[in-house]
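**Student:** Marked as domain 'Arf-GAP' by TrEMBL: 6-129. Feature annotation from TrEMBL assigns domain 'PH' to 132-233, 255-360.
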Amino acid sequence: MAGGNERSMRALKEVWKRAENSLCADCGKPDPDWASSTLGVFICLSCSGIHRNIPSISKVKSLKMDHWDDAQVQFLAKHGNAVTKATYEAHIPIYYYQPTYNDCQVLREQWIRAKYERKEFTEPGKQPPYYDGVKEGILWKRGRDNGQFLPRKFLLSEREGCLKYFTKQDAKEPKINVKIDVINATFQPEKIGNPNGLQITYLKDNKTRNIFVYHESGKEVVDWFNAIRSVQFHYLKVAFPIASDNEIKNRLTRNFLKEGYMEKTGPKQREAFKKRWFTLDHRRLMYFKDPLDAFAKGEVFVGSRENGYSVQKGLPSGTQGNFSWHYGITIVTPDREYLFTCETETDQLEWIKAFTSVINQAMTPQEYASKCPDAVSFPS
């Protein structure tokens with residue numbers, strides 16, 4: 001009996017060591033140490049918890065702590081991540097967002113359920129519910145002034161190339177009507193305080209407006225997210241007919257590079273530093289008095305190194321403004337310097353890394369055209 005166990009463990013380790021099984025089949029996290037004995041995939045601990053919630057589809061076991069019999073090991077050997085992905089991920093729409101281990105729970109759970117439970121990607125030509133070019137429904141939207149979440153009707157139209165929302169179900173005219181190419185959407189469960197919280201942003205007069213929404217159903221809010229990406233993709237295909245699918249995919253919704261609190265001072269650099277919430281959305285650095293503000297109080301364009309932008313650790317000697325945090329950052333632009341302080345050295349280094357990643361990228365023609373002027377400086 002002991003010999004049989006040892007033989008099974010050796011065989012299991014051989015399958016486990018295959019290159020195809022070195023990343024979680026669902027989120028890509030390195031060194032997965034769980035597996036599904038019914039699907040034949042190697043997964044990480046976090047994704048195994050999601051699998052455990054769909055026991056009719058997947059039964060998970062630890063590769064280190066649980067016993068695997070010969071039949072189960074043979075099943076893993078016959079399948080593994082590559083074979084299983086070839087079945088369950090055979091026909092993923094190019095615009096569909098495939099989450100990683102850095103993404104929130106609702107995105108990862110609905111990705112796993114879409115693959116294995118609903119089998120959305122197994123058949124060619126199968127149209128998912130967010131594909132048909134129109135999506136209409138209720139989302140709970142945070143009020144701009146009172147902070148209350150109230151049900152609002154949203155309408156997404158590929159034909160019109162826009163997203164609308166209405167304050168009343170029977171309203172004839174929308175409260176907003178936003179062109180699809182200026183919209184971004186990113187999940188923000190912690191900021192919004194709801195596991196299905198979604199932040200929708202759009203540009204108006206070259207300034208960013210935030211809308212915060214959620215839906216009780218994780219599937220529904222992820223369907224809205226992918227519907228926005230679908231409409232964006234087809235809109236951009238028409239607008240840029242010679243661009244490749246991958247080029248267009250890279251222009252769809254994006255996560256913010258970095259968010260968090262810093263202190264800032266004004267343009268004279270003699271004012272007291274004030275604590276504000278900052279969001280770095282690629283080349284747009286915005287700040288807000290509150291993380292859930294609808295509008296930024298100020299924006300700075302973060303250009304490229306070849307255009308005279310840089311980031312420096314610390315503050316210039318002789319900085320006069322009073323500040324309570326002592327880990328400084330200086331953003332140098334062709335026109336002026338912007339001064340910030342962080343609460344911890346970790347925050348400082350993370351912000352510097354994020355700014356450096358942007359500054360080291362060459363600017364595209366579109367970024368030159370859309371550059372928000374440095375004149376949009378930081379008021380108090």
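Cβ coordinates are placed from backbone N, Cα and C, and glycine is handled just like the others.
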**Student:** Within the domain 'Arf-GAP' (6-129), how many residues are helix, strand or coil going by DSSP?
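**Tutor:** Tallied per class, the domain 'Arf-GAP' (6-129) gives 53 helix, 10 strand, 61 coil.
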**Student:** Looking at the domain 'PH' (132-233) alone, can you tell me the average pLDDT?
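**Tutor:** Computed over the domain 'PH' (132-233), the mean pLDDT is 92 on the 0 to 100 scale.
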